[in-house]
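Below: the structure, in structure tokens.
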């Protein structure tokens, strides 16, 4: 008996024990609506590698990760998982796990090396994504494509500050149109931006993500930036870029291609630290400043009232024409969820040291009276709290007119400090996804229009500021050889998604 077959048999026995004990009994893909989509996700910079190959130009992340000290252990995505060369092997793994869909992003500078049409379209990049899309479809899966996952072209960052300038809107729409034109005959699910909150707040408020801008009183390492204004300006230009791309797609491509388009928004769920009115207010402000910042404009046409009232002229305004274009600019919403926090009201910040982080006047923590809200994960900012996902989905139904939702990221990590046999035994990940899926199921039964669930992530990969320390994948990747190994969770997913 081969090693692979032996491991598969052992895992089948392990699953059998769980089912006999009633732990996961009768809970499978058939517990969900027939058209529910199950998948897993990735991102170009975190996976592809080949950062100077195939005609690709540099992005802000290529630049940022090469600055010593910016990333843990000075890791980078130069090679990453070498998905650029190994994607056929990896798509076969997805098929083995019975996935319905694969979520991935298109690297802007692999299509437009200097970010602009004036620099020419890179035919090698187009060919790569055509081949990837075709292979995903040939394996019976749905490509779920993100147009922008934080990798702004370095040329545009150098030319006019990237998303700090409204000039980015036209450049982004040009890039999006190349994607629609080249791939839209086969891609039926588009998302314009992944987690614009993270890009804006971490790249321009904290300075810990590319392009690494912040006020000096936030961090001496940034060198340049304004944490009180730049996150809001960048987010505003993202809204305008998103809306313009959606408008283009709807008028020029959607009538014939018959696809759908939306935005992926990340948020936490929040619980009052105590039952006071002040802390309940802190919960709402916390939601407004991370979730409402992006949901309110695309659903209601403007930023939340708390943001508008408290930020004053630091928050850009939409013109009536822009508001009309932004409002309703989605066919579905992608929601990324990882954790829940307690929220406690705090006094207004020092007016001389304003920053996005303090503007919501709420302190968020995973602990109350020394006890965590849920088990603390390897990355200590995350707490495993499955009911939070259900509450978030119900809140979205109430506040945002029950939109079509895909849970586009949900996952748990472990550290890169275990032996291979230990790394493959990830029962905590099985429990994590099973419980979160049960709460998604509860939300559906309560009328929330959830249409899909994507794990984060397909394979262990480059995790931004933490480099390769955190492992979120269903597949273990040996960092020296890049060989892929299936974790126990991948076999659980395979069985969970098996069709009768």
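Using the three backbone atoms N, Cα and C, a Cβ is placed for every residue, glycine included.
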With 46, 149, 194, 195, 409, 456, 463, 464, 472 listed by Swiss-Prot as beta-D-glucoside-binding, which of these, 273, 338, 341, is given for the same site?
338
Helix, strand or coil by DSSP: which one applies to residue 409 (active site, nucleophile)?
strand
Rank the recorded positions 114, 194, 416, 417 by how many other Cβ atoms lie within 10 Å of each Cβ and give me the one with the fewest.
417
DSSP says residue 417 (N-linked glycosylation site), in three-state terms, is coil
Of all the disulfide-bonded residues here, 214, 222, which one's CB has the most other CB atoms within 10 A?
214
Using DSSP and three states only, what is residue 464 (beta-D-glucoside binding site)?
helix
So among 63, 222, 338, all listed as recorded positions, which is physically nearest to residue 195 (active site, proton donor)? Use the C-alpha atoms.
338
Sequence-ordered, the recorded positions among 63, 214, 416 whose CA is within 10 A of the CA of residue 409 (active site, nucleophile) come to none
